[in-house]
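Visitor: Here's a structure for you.
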Amino acid sequence: MKLSEKTTTSGSSNCVVDDDDDCDDVIYVYKPPEQLMLYILQPPLVQACFHKNLDEVRTLLQQKTEVNFQDAEKRSPLHAAAFCGDPEITELLLQNGARVNTKDNRWLTPLHRACCSKNDDVVECLLRHQADVNARDKNWQTPLHVAAANNAVKCAEYLIPMLTNVNVSDRAGRTSLHHAAFNGHIKMLQLLLEKGATINAFDKKDRRAIHWAAYMGHVDMVQMLVEHNAEINCRDKLMYTPLHTSCANGQENVVKLLLELGVEVDAVNVYGNTPLHVASLNGKDLAVRELILYNANINSVNHRGMTPLHYAAASTHGGMCLELLIKAGSDPKVQ
């Protein structure tokens, strides 16, 4: 969600996604793939774990099969058992010397894998064997980050008592609350707040959970965050408010909610753009309609001397926005 405005060679302006050098701008967290990892060429022990064949696993271990085998991506049989959610196989592997905190080439541990696939029984088993609840992957994300992103509430309930701080941030500065908000997981949000999550925690770009919930259009999430005293006019480093972010992505229901809650309708970002500018240049006509209904300044001039009307006219998708602004009385001569 990079919300910088850049002018193209044709002169039109658009909000674009633009990554930082040091971290991905879009929230990333490990999630289960659409299809199970292919283990066709894996050794028998890994295949047995994936097929949840306890007897076969026991037989192979009795034959002294290497329990800590790692494939080309450094995934072990324990990773497979944790991902597939078989606590009995997990326990058997651990009893036979499997390394509980082994990491694959993305630095994911079996605990990360179990949390991503919401296997709470496996999480409980791994924790009994001293799995590291603070283990970080290459994005510095802990198992709690993964649980929050995947709505693994039961897993989080096992993890949190083992933690000294639920507000640990990843490489982008995001806490588990950011990940729950981005994905719209209400129950996870409730749990994290009950356990002391900081509601106005900000990431490296000063974005709060409410920025992400607004951007993704999670109305109920935004409502709950506000009820727990989230700042509705908070700003990131580019001075974007949640209203700006919801307008950028055309989330008209969130726009309407925020306006009803009394947010600053004409807040300006570092470019001098109001939410109406942002909605207009992105062609989000439903957001434009809501802003006009709440008396947004249709002739507001940004630092380039441009109004929302100018942006709507320059935008590839701004035709309907242009029509709405003209009907509302926007002055094309304003500079």
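Along the chain as shown, the residues are counted starting at 1.
Heads up, the Cβ atoms here are built off N, Cα and C, so glycines get one too.
The following feature annotations were taken from TrEMBL:
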- 73-105: repeat 'ANK' (REPEAT)
- 106-138: repeat 'ANK' (REPEAT)
- 139-171: repeat 'ANK' (REPEAT)
- 172-204: repeat 'ANK' (REPEAT)
- 205-237: repeat 'ANK' (REPEAT)
- 238-270: repeat 'ANK' (REPEAT)
- 271-303: repeat 'ANK' (REPEAT)
- 304-335: repeat 'ANK' (REPEAT)
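Provide an account of the burial state, proximal residues and distances for the features listed.
Guide: Under DSSP, residues within the repeat 'ANK' (73-105) fall into helix, strand and coil as 17 helix, 0 strand, 16 coil.
Packing against the repeat 'ANK' (106-138) from elsewhere in the chain are residues 30-32, 73, 76, 78-79, 81-87, 90-91, 94, 100, 144, 146-147, 150-152, 154-159, 162-163, 168, 170: each is 6 or more residues past its ends and has a CB under 8 Å from a CB in it.
Within the model, the repeat 'ANK' (139-171) carries an average pLDDT of 96.
Same-chain neighbours of the repeat 'ANK' (172-204): 20, 23-25, 27, 29, 139, 142, 144-145, 147-153, 156-157, 160, 166, 210, 212-213, 216, 218, 220-221, 224-225, 228-231, 234, 236, counting only residues six or more beyond its ends whose CB sits under 8 Å from a CB of the stretch.
Sequence-distant contacts of the repeat 'ANK' (205-237) (same chain, six or more residues past either end, CB-CB distance under 8 Å): 1, 3, 25, 27, 172-173, 175, 177-178, 180-184, 186, 189-190, 193, 199, 243, 245-246, 248-249, 251, 253-254, 257-258, 261-264, 267, 269.
Tertiary proximity for the repeat 'ANK' (238-270) is limited to same-chain residues at least six positions away from its ends with a CB under 8 Å from its CB atoms, namely 1, 3-4, 15, 205, 207-208, 210-219, 222-223, 226, 232, 276, 278-279, 282-284, 286-287, 289-291, 293-297, 300, 302.
Within the same chain, residues 11-14, 271-272, 274, 276-277, 279-285, 288-289, 292, 298 sit at least 6 positions outside the repeat 'ANK' (304-335) and bring their C-beta atoms closer than 8 Å to a C-beta of that stretch.
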Visitor: Are there residues at least 6 beyond the ends of the repeat 'ANK' (73-105) whose Cβ is under 8 Å from a Cβ of it, and what are they?
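Guide: Sequence-remote neighbours of the repeat 'ANK' (73-105) are 32, 36-37, 39, 45-46, 49-50, 52, 54, 57-58, 61, 67, 111, 113-114, 116-119, 121-122, 124-126, 129-132, 135, 137.
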